[in-house]
């Protein structure tokens, strides 16, 4: 694992402040030791959290009245407020593949969180990598993303996915920026941002 501090120059990460805790994302990113410069736009690495995850999806169920324009980029269908309303928000420890100290659970904060309904990569799309799932046993009583008449124990069910990556794009249905844990922000820069800089700087 390459330390972030070994990269050269300064890194500039843009935050698309459409909704939610964008100031917290800024604080978390500024705490990282980064030394290269890159400006992230929609054709570059993008990370969507919660409502941002909805914007990155190719299709959405339960869209806002009048429809909802999506940015796309991640080959999934997602459902708004899939885990319930604001009063049904919850927190849960998550096992996350690829994080620094991955044996230490990440504290997931779910606020009107969306739910992934299906993975739909096309033949030319980058593969989808599932980074974290939530066990249905960790959901509050009476709350599940799986209908009562279906099996909620199937680990292959996409509705248990809470973090995934497709190419340069990262998607989380919860809010890592509301914790004091910077490991998800480090993961995004290390796995999605810095590799694009290496490719850009390679001779043709």
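A Cβ is built for glycine as well, from the same backbone N, Cα and C atoms used for every other residue.
What you are looking at is a predicted structure, and each value in this text was computed from that prediction instead of being measured.
Here's what TrEMBL has on this protein:
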- 50: active site, nucleophile (ACT_SITE)
- 175: active site, charge relay system (ACT_SITE)
- 177: active site, charge relay system (ACT_SITE)
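The number of other Cβ atoms within 10 Å of the Cβ belonging to residue 177 (active site, charge relay system), over all protein chains shown, comes to 24. A separation of roughly 7 Å, to the nearest angstrom, links the Cα atoms of residue 175 (active site, charge relay system) and the residue listed as 'active site, nucleophile'. Reported as a whole number, the C-alpha separation between the residue listed as 'active site, nucleophile' and residue 177 (active site, charge relay system) equals 11 Å. Using a 10 Å Cβ-Cβ cutoff, residue 175 (active site, charge relay system) registers 23 neighbours. Here the Cβ of the residue listed as 'active site, nucleophile' has 24 other Cβ atoms within 10 Å, regardless of which shown protein chain they belong to.
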